[in-house]
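Feature list (source: TrEMBL):
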| type | residues | note |
| --- | --- | --- |
| DOMAIN | B:21-107 | domain 'Pyrroline-5-carboxylate reductase catalytic N-terminal' |
| TRANSMEM | B:204-229 | transmembrane segment |
| TRANSMEM | B:249-271 | transmembrane segment |
| DOMAIN | B:249-394 | domain 'Ferric oxidoreductase' |
| TRANSMEM | B:292-313 | transmembrane segment |
| TRANSMEM | B:347-365 | transmembrane segment |
| TRANSMEM | B:386-407 | transmembrane segment |
| TRANSMEM | B:419-442 | transmembrane segment |
Amino acid sequence: MNKNSSNTMALAPNTSNKRQTVCVFGTGDFGRALGHKMIQSGYHVVFGSRSAQTSSLIPKDAEVLSHAEAAQKAAIIIIAIQRQHYNFLTPLAEILQGKVLVDVSNNLKINQYPESNAEYLAQLVPGAKVVKAFNTVSAWALQSGTLDASRQVFVCGDDMEAKQMVMDIARALGLTPLDRGSLLAAQEIENYPLQLFPMWKFPILLSLGLTTFFFFYCLIREVIYAYVYENKDFSFFIAISIPNRICPVLALILLALVYLPGVLAAIIQLYRGTKYRRFPDWLDKWMLCRKQLGLVALAFASLHVLYTLVIPIRSFVRWRISSRTIALALNNKTEPLNTTNAWLSDSYLALGILGFFLFVLLGITSLPSVSNNVNWREFRFVQSKLGYLTLILCTAHTLVYGGNRFLSPSSYRWYLPNAYMLALVVPCIVLVVKFVLVFPCLDKPLTQIRQGWERKPQYSE
Amino acid sequence: MNKNSSNTMALAPNTSNKRQTVCVFGTGDFGRALGHKMIQSGYHVVFGSRSAQTSSLIPKDAEVLSHAEAAQKAAIIIIAIQRQHYNFLTPLAEILQGKVLVDVSNNLKINQYPESNAEYLAQLVPGAKVVKAFNTVSAWALQSGTLDASRQVFVCGDDMEAKQMVMDIARALGLTPLDRGSLLAAQEIENYPLQLFPMWKFPILLSLGLTTFFFFYCLIREVIYAYVYENKDFSFFIAISIPNRICPVLALILLALVYLPGVLAAIIQLYRGTKYRRFPDWLDKWMLCRKQLGLVALAFASLHVLYTLVIPIRSFVRWRISSRTIALALNNKTEPLNTTNAWLSDSYLALGILGFFLFVLLGITSLPSVSNNVNWREFRFVQSKLGYLTLILCTAHTLVYGGNRFLSPSSYRWYLPNAYMLALVVPCIVLVVKFVLVFPCLDKPLTQIRQGWERKPQYSE
Amino acid sequence: MNKNSSNTMALAPNTSNKRQTVCVFGTGDFGRALGHKMIQSGYHVVFGSRSAQTSSLIPKDAEVLSHAEAAQKAAIIIIAIQRQHYNFLTPLAEILQGKVLVDVSNNLKINQYPESNAEYLAQLVPGAKVVKAFNTVSAWALQSGTLDASRQVFVCGDDMEAKQMVMDIARALGLTPLDRGSLLAAQEIENYPLQLFPMWKFPILLSLGLTTFFFFYCLIREVIYAYVYENKDFSFFIAISIPNRICPVLALILLALVYLPGVLAAIIQLYRGTKYRRFPDWLDKWMLCRKQLGLVALAFASLHVLYTLVIPIRSFVRWRISSRTIALALNNKTEPLNTTNAWLSDSYLALGILGFFLFVLLGITSLPSVSNNVNWREFRFVQSKLGYLTLILCTAHTLVYGGNRFLSPSSYRWYLPNAYMLALVVPCIVLVVKFVLVFPCLDKPLTQIRQGWERKPQYSE
């Protein structure tokens, strides 16, 4: 009701687009930025400050008063001070009775305190309605107007009316408020802006490690070997040829690692005869970053495609083809078409194209807006059925690429097999185990276990 | 109010993070999974069960009581039993008075019953506040924590307060509740998890049919013909050459089929002189799956691009080019540049590139998150103007590809024209009719009809 | 309460799926379309009209009454008439007391009137609860069922209960209501459907201008020069060669223009010694369309990639390579591998691939659904760190492409340098200035200024 009446007032001519008085405690950078923005959006802003000293940077149109005076002027008070200083609010408890306190604070570390700042505030001033909001917005973005990622304001609080008032302010500032429920969500909201791609850490570190390993592996096999035995300088292979060996190898290994934990989980469940015991911690974590692993694999696959498609433009490749043609012409020879080679070359390219195509499809369905529009049955169909088909196609692509020189001794240099042969190990294991698990004698008990059946029930005693 | 007070209690030290008591009726797989998850999230869970017998799998921290006893302990009761057994609730009506009943049930078929399960429940227990929720979440996903597509919980119900309480539980479990309005939405929510890409069925079946047809068509023309008349083995064409004929043909036909229904609708409206009569059913259905048709066409176009770009890497193509060069060198000939050929080759490639580029743009704007961010005027501009431009470019690409050998008799084998000539039929018809419809003498009455004008008003009597 | 009771009624057998009576004022195209759709969805619809004359097109199942009679039958009245005729509502004020009036009107121009139509309506009928809704939906889309972009219904209003009722109707019609807050948001909602990519105008006009300039520049250098001096007809360069010069040039320039305003802003802030003064207007506007500039640059980069990858398929290129090979063969020569050329060719391709890859990554993170799922820290990391890395890679790609013929006199035709050399000017300036700004002596004061420090505080007096 409060809100509506103040809005109706806003339409009255004499208030000239001023909507509501909002009080801001704290004249730090964020408080000033928020105050500034609210003044621009037509609010009347009152700052509560310890002294008039620090007020030199405060927007002109704002009033600066003592905390107690400022609090009395507004129904909403934004607490733009750090958690350590919250206890100064205790003496003001009486004035703050029934007011909406907006906690905008952030911490320096994830889970820095046992309870969230907003819950701590609610304990300090039990009579006030505490709402957590605005902590995901940066002061700089607020002031420069370059809001993009930060348009979202997570709001939580126990009082619906208070939450609505804060969400209306957020909308007036051009932000998108998102209700996250009761004050219990504050901890999560406070942790949110501190994260830097937490789910991506493991996949990226893993792929960096594997990239380094395969880079030196290929460097030895392709560049140093040729230099030592044939005294040829193939150092320029570092630019394209070696990356184009690393990328497909990593794409295949990482894609197989997406499906390995599911296979392991099935084995563990079959062995234990129940689904009601937790998986080992490492397996849980692994399962949670499968999407990220898959997307990193897709990135490597895309690079592989680009590296492969520029092959005919490379100066080295043009030179090699032209040299061979000239040599044949000078020797008066014409080669007949080798149908086996044509078959092998065309099939591994076709398998690669189809595999990559399905892989991109998987990537698109993992976009948030797409995966939110499919139901669980559809998502599982895409991620599981199409995912395994992709893995099969990519593994076949690599196998056919090896083709007839697969186990020929000439492909071993210093006893090192070609990199793609190493890449085949994990995907082949995954596919073989998955193939075994599909047999009815294993599939049936597994399905039962997943539906809740237990070989020896444990909670029975 | 209830909710807030229990939340405040949650912060009191002696309740140690226990928030609320939730009752679960039914100890089946889903009930147990949900109960387990709620216990993990800090709720106190009471199971209501017919007997203590079935309770062996129930999470340790949960209480198991009779239905009546369990119901009295909580304000929220989750009905995790099948619709057929709902009538056991009738005797409990008095105890359930004023309680929030959460219907989590799913059916086996779409529209299995005349009214939704939730509405049936509301009729059985008129005094309770029925909320439909959680049916889109799978028990397995809940327990294994691998929630991705299933994070969304559609919630509907007639009581706002009750809905809020259920939505808070969903949020506490790490799910995303979405308010779908009153209990009348329950039918739709119950049908949702049973769908498997319903809109994609027709486009995919159609493209499978066309693919099969064109595969055998090209097989006869390219492989069998060469084998019969020239005794050459071009069977490896199956891997890349033939797919690269099928893909562009299907992309073009399907793209034209996206715009054909709009053209047909315009003709029907012009003929009838009104827009107030329903289109034939097949046309309505066709119009509704245009987006999916377009995306399947885009998939074929993307495959065509990939198949085309690997051409120079193919062993067969390298052999063919090298053979020709050697033959010329051995005959001491140098060919002059054929400017017409250069023009034709460059133009059809350029047209193809631009057409594909616009096609991808159309695909991107049909992503849910992008199309939600454009208004209707922008969407129509992209889908209609850019769409027709794409169709024109792709048709021109195919026409110029034919180039000077378009009607030469040598391109007919066994009286069969080249596949791309068949592909041109539908797009050319669409473009010609659209071109005719753009003329003012037809465009003006059509616009009037679409604005509501009628040649002979029918509702007048 | 009203809503719930009517819903309960809806389940009673005798009302046969009729939910609620909705009144529609105005029998124009939109009113009829909305009425029709509501009848289909089970509502009882009463039209309010000046006369029975205009009612010939009105859906059969609807009643048509005088305004006053119709208004009395329903709690919700949809005002489907134009703003100019709103004053006819003044005499009805008494009947409209307490009713929900839904303003669905649109204007012809952005900000046509000083206050929004909905606010004007609220002033005319102060006793009614005005809700703005449905203006983003088109009558045609409503009736033909082809809702896609237009599924979103922005709703705003000062009365929560009234807003809920309107949002329930929207949901019943298969639309997605979005609460935009109080009636003050009506102006924005009314402007929304009038926009046609407002943020894209500047980037697209700029790139069209640059494209035209570079087209004629390249035409003179590549085609006319060759025709005048060597009398060769290279007019077919217009199809691929010249676009493939324009696209990378524009991609690089536009990408640099994305980062130039940030650099300028930093210089201005350093010079002024404060962040509290507004930037010049052109800089503000420039900063707001950086995302669009970047996406246009990405479009050009994608076209460049496609144009480059088809190079080996071009008839002209095949002829040129084959001619050179034949010439070498006829002269009995075999060229040795030029390692420097191999290095240059491979490095510029590799730099281009990596640059394009990062560029696509930036593009993906700017998809609304992706950028909504990252926090501000992550977004800045991607857009700033990865963005500059992309710019560095693309600039290096162009520099290495120039390679050893960078300043050779032969690359000047009619004193005109190659187009890529012109393209390097802006990115090099941006990178050099950014490099200077990273030095601690400038970075430190800049960081302080951005945290709110001022060299000479201005608000102090």
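Glycine residues also receive a Cβ, built from the backbone N, Cα and C atoms like all the rest.
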- Message: For a three-state summary based on DSSP, what are the helix, strand and coil counts in the domain 'Pyrroline-5-carboxylate reductase catalytic N-terminal' (B:21-107)?
- Response: 38 helix, 21 strand, 28 coil
- Note on the structure: For the transmembrane segment (B:347-365), the distant same-chain contacts (Cβ-Cβ under 8 Å, at least six residues beyond its ends) come to 255, 294-295, 297-298, 301-302, 305, 308, 371, 374, 379, 382-383, 386-387, 389-390, 393-394, 396-397, 400-401, 403
- Where, among B:204-229, B:249-271, B:419-442, do we find the most CB pairs under 8 A to the transmembrane segment (B:292-313)? B:249-271
- Item | Contacting positions for the transmembrane segment (B:386-407) when only residues 6+ beyond its ends and CB under 8 Å are counted | 248, 251-252, 255-256, 258-259, 294, 301, 340, 344, 347-348, 351-352, 354-356, 358-359, 361-362, 418, 420-421, 423-424, 427-428, 430-431, 434
- Against which stretches of its own chain does the transmembrane segment (B:204-229) lie, if we need a Cβ under 8 Å and a gap of at least six residues from its ends? 235, 237-238, 241-242, 245-246, 249-250, 253-254, 257, 293, 296, 300, 413-414, 416, 418-419, 422
- Message: At a C-beta cut-off of under 8 Å, are there same-chain residues at least 6 beyond the transmembrane segment (B:419-442) that contact it? List them, or none.
- Response: 214, 217-218, 221, 245-246, 248-250, 252-253, 255-257, 259-260, 263, 266-267, 270, 388, 391-392, 394-395, 398-399, 401-402, 406
- Note on the structure: The DSSP breakdown of the domain 'Ferric oxidoreductase' (B:249-394) into helix, strand and coil residues is 121 helix, 0 strand, 25 coil
